[in-house]
Amino acid sequence: MFPMVTKFMNYGQQTVRAARYIGQGFIITLSHANRLPVTIQYPYEKLITSERFRGRIHFEFDKCIACEVCVRVCPIDLPVVDWKLETDIRKKRLLNYSIDFGICIFCGNCVEYCPTNCLSMTEEYELSTYDRHELNYNQIALGRLPMSIIDDYTIRTILNLPEIKT
């Protein structure tokens with residue numbers, strides 16, 4: 001008879017433990033129920049990206065000295081730098097610079113290590129196209145500054161700030 005009593009006690013303890021776990025999950029569910037939805041209506045509403053957002057790379061052709069540091073620090077050797085050595089002035093002259101954003105992982109190493117700061121990250125993140133070859137940007141396409149979301153009057157901007165609980 002004694003083993004039968006311990007089985008009932010274990011069953012009772014397991015029942016109480018299961019009810020407690022279910023109650024904890026229910027409390028978490030109820031705490032999430034009173035939050036505001038996070039969804040936005042994308043084409044008409046856009047989040048303002050943070051200052052350190054890593055979007056499309058902006059390139060300034062005049063500042064580049066063709067040192068190829070960006071190629072060496074890139075984990076996938078992505079930037080294509082074509083240059084010609086000018087023998088009369090003993091300097092490299094940049095001929096072509098291109099980045100394929102279909103392959104780029106937006107790590108920011110090229111921007112970080114560029115000695116002349118000719119590369120910078122913009123807040124542009126809409127790079128989708130129907131043809132993947134359109135994602136190969138040359139120095140002309142990289143030199144264009146993106147249109148700011150804030151300046152577009154057709155788009156309602158939403159600040160992406162964390163809520164402060166009081």
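Note: Cβ is positioned from N, Cα and C throughout, glycine not excepted.
Feature annotation from Swiss-Prot assigns [4Fe-4S] cluster 1 binding site to Cys64, Cys67, Cys70, Cys114; the stated evidence is sequence analysis. Annotation source Swiss-Prot lists [4Fe-4S] cluster 2 binding site at Cys74, Cys104, Cys107, Cys110. Marked as domain '4Fe-4S ferredoxin-type 1' by Swiss-Prot: 55-84. Summarising the annotation, Swiss-Prot assigns domain '4Fe-4S ferredoxin-type 2' to 95-124 and lists sequence analysis as the type of evidence.
Sequence-ordered, the extra residues of this chain that approach the [4Fe-4S] cluster 2 site, with Cβ no more than 8 Å from the Cβ center of Cys74, Cys104, Cys107, Cys110, are Ile57, Cys70, Val73, Pro75, Ile76, Leu78, Pro79, Ile99, Ile105, Phe106, Gly108, Asn109. Closest to Cys64 ([4Fe-4S] cluster 1 binding site) by Cα-Cα distance, out of the binding-site residues Cys104, Cys107, Cys110, is Cys110. Per-residue confidence over the domain '4Fe-4S ferredoxin-type 1' (55-84) averages out at a pLDDT of 93.
Taking the mean position of the Cβ atoms of Cys64, Cys67, Cys70, Cys114 as the [4Fe-4S] cluster 1 site, the remaining same-chain residues with a Cβ inside 8 Å of that point are Ile65, Ala66, Glu68, Val69, Val81, Cys110, Pro115, Thr116, Cys118, Leu119. There are 19 other Cβ atoms within 10 Å of the Cβ belonging to Cys74 ([4Fe-4S] cluster 2 binding site). Rounded to a whole number, the C-alpha distance linking Cys110 ([4Fe-4S] cluster 2 binding site) with Cys70 ([4Fe-4S] cluster 1 binding site) is 4 angstrom. Residue pair Cys104 ([4Fe-4S] cluster 2 binding site) / Cys70 ([4Fe-4S] cluster 1 binding site) shows a Cα separation of 12 Å.
In three-state terms derived from DSSP, Cys107 ([4Fe-4S] cluster 2 binding site) belongs to neither a helical nor a strand segment and is classed as coil. Each of the binding-site residues Cys64, Cys67, Cys110, Cys114 was scored by the number of other CB atoms within 10 A of its CB, and the lowest score belongs to Cys67.
The least crowded of the binding-site residues Cys70, Cys104, Cys107, judged by other CB atoms within 10 A of its own CB, is Cys107. With respect to their backbone Cα atoms, Cys74 ([4Fe-4S] cluster 2 binding site) and Cys114 ([4Fe-4S] cluster 1 binding site) stand 11 Å from each other.
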